[in-house]
Amino acid sequence: MEKIIVKGGNELKGDVKISSAKNAVLPIIAASILGNELITINNAPLLEDVSVICDVLNELGSNVSINKNDLSITIDSKEVKPVDANDELIRKMRASFLIMGPMLSRHGCFKLSLPGGCNIGSRPIDLHLKGFKALGADIEIGHGYVEAKAKRLIGDRIYLDFPSVGATENILMASVLAKGTTIIENAAEEPEIADLANFLNSMGAKIDGAGSGKITVDGVDELKGTNYTPIYDRIEAGTFMIAAAISRSKIKIRGANEEHLRPIIEKLKECGIIVEYLEDENSIIVDGRCNVKAVDIKTLPYPGFPTDMQSQMMALLTLATGNSMITETVFENRFMHVSELCRMGAKIKVDGRTAFIEGVNKLTGCDVKATDLRAGATLILAGLVADKYTEIRDIYHIDRGYVCIEEKLRALGADIERV
Ligand code: UD1
């Protein structure tokens, strides 16, 4: 079993290049099912989750090839068929459910294993299904599967009770080839949704308003091929911003969009960290050579503070001067990292959806376990400043979402290795 070992105390220096966003690339690959012509995705992050969705498409009859040299993925979905998808593969990753919208739209029927819960919460799919039903699909659930059927999807007005990222993406993909106009209200506004819409528009879709709470889709009859470069990963960039802040270092993060990072930038500034955006370089300089002040945070759908940065921010606040409070409103069980941080000397108490963090002077390295993707990155961040060695187990979680995290940190001067 692989683990990551970090020896704390090194100052970080230099610059780091951010990869494309995993959460943009996964729906983009799923959306490729909608086209009959060749699609090329440039600068793809070659991560475990990305290879899972590529394997899923290959199982369905698409021809997907990953070119590790130029980081491109080419997808030809001419031959895609509504065959039973391999359950084991589908259940590896919840985001596999994103193939439902495009498969239903393209083939008029599709059956898929129901996604289960996961470490951070039960994560239902009711909003995805509500959208498909509004577009005219019949939905049947039984024996662990969901089956959707519709001769041709027909546009309608869909109001989401909560701005779910996955539901917005799935409904958006289903509606692109539907007859007439679809309006998604209370849609998720995350930058990855706008990126998916830009990708689909580059294939000939007619989507307006993606990135806002109201998305309008005028259905088209077919989509063509495209060559597309997805947005930078704002969560990876945010994680490196905290790496600088927690290790009291100054680094440059190349491949950053100021607007997408706004909620993180503003919170770090409130903590006293100096953040400078270099517009002509798409880069951010983070200078953490200061005392970190305690702050309160509430996670919210974009443009609120991202739940995917909650645990990393908590690692930083364990060492802040004063008491901080973090309220998690997006997922019901996203404090699994708290007990691991406490093993490292943090003082955190959890009451329901709120964590109370009392700043301490130092963290101490020990054996810890990555309980999910972002929690794993959090333990690396804590390890960067902890006394002596932090050994992180179950690092497969980290590999799902961070491209070469230890290489990137080592290049910045961290003492980190995978064994
Ligand atoms: C996506 C991201 C994930 C991020 C999350 C919130 C991808 C691949 N994953 O996950 O990294 O943490 O957005 O920013 O992009 N919900 C329902 N019913 C539904 C769907 C969701 O109740 O039908 C609830 C969920 O249980 C959760 C909340 O809505 O409590 C947010 O989930 P959602 O926005 O759908 O997240 P994902 O798309 O799964």
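Please read every residue number as a count from 1 along the shown chain.
Note that Cβ sites are derived from N, Cα and C of the backbone, with glycine treated the same way.
Pulled from TrEMBL:
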BINDING   LYS22, ASN23  phosphoenolpyruvate binding site
BINDING   ARG94, ARG123, PRO124, ILE125, ASP126, LEU127, ASP308, VAL330  UDP-N-acetyl-alpha-D-glucosamine binding site
DOMAIN    6-409  domain 'Enolpyruvate transferase'
MOD_RES   CYS118  2-(S-cysteinyl)pyruvic acid O-phosphothioketal
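Secondary structure from DSSP puts LYS22 (phosphoenolpyruvate binding site) in a helix. Other Cβ atoms within 10 Å of the Cβ of ILE125 (UDP-N-acetyl-alpha-D-glucosamine binding site) number 20 in total over all chains. Sequence-distant contacts of VAL330 (UDP-N-acetyl-alpha-D-glucosamine binding site), defined by Cβ-Cβ distance under 8 angstroms and a gap of at least six in the same chain, are THR299, LEU300, PRO301, THR307. Ranking the binding-site residues ASP126, ASP308 by how many other Cβ atoms lie within 10 angstroms of each Cβ puts ASP126 at the bottom.
Only PRO124, ASP126, in sequence order, out of the binding-site residues LYS22, PRO124, ASP126 have a CB under 6 Å from ligand 1. For the recorded site, LEU127 (UDP-N-acetyl-alpha-D-glucosamine binding site), the DSSP three-state label reads helix.
When the binding-site residues LYS22, ARG94, LEU127 are compared by the number of other C-beta atoms lying within 10 angstroms of their own C-beta, ARG94 comes out lowest. The Cβ of ASN23 (phosphoenolpyruvate binding site) has VAL165, GLU190, GLU192, ASP233, ILE235 as same-chain neighbours under 8 Å, each 6 or more residues away in sequence. Reported as a whole number, the C-alpha separation between ILE125 (UDP-N-acetyl-alpha-D-glucosamine binding site) and LYS22 (phosphoenolpyruvate binding site) equals 20 Å.
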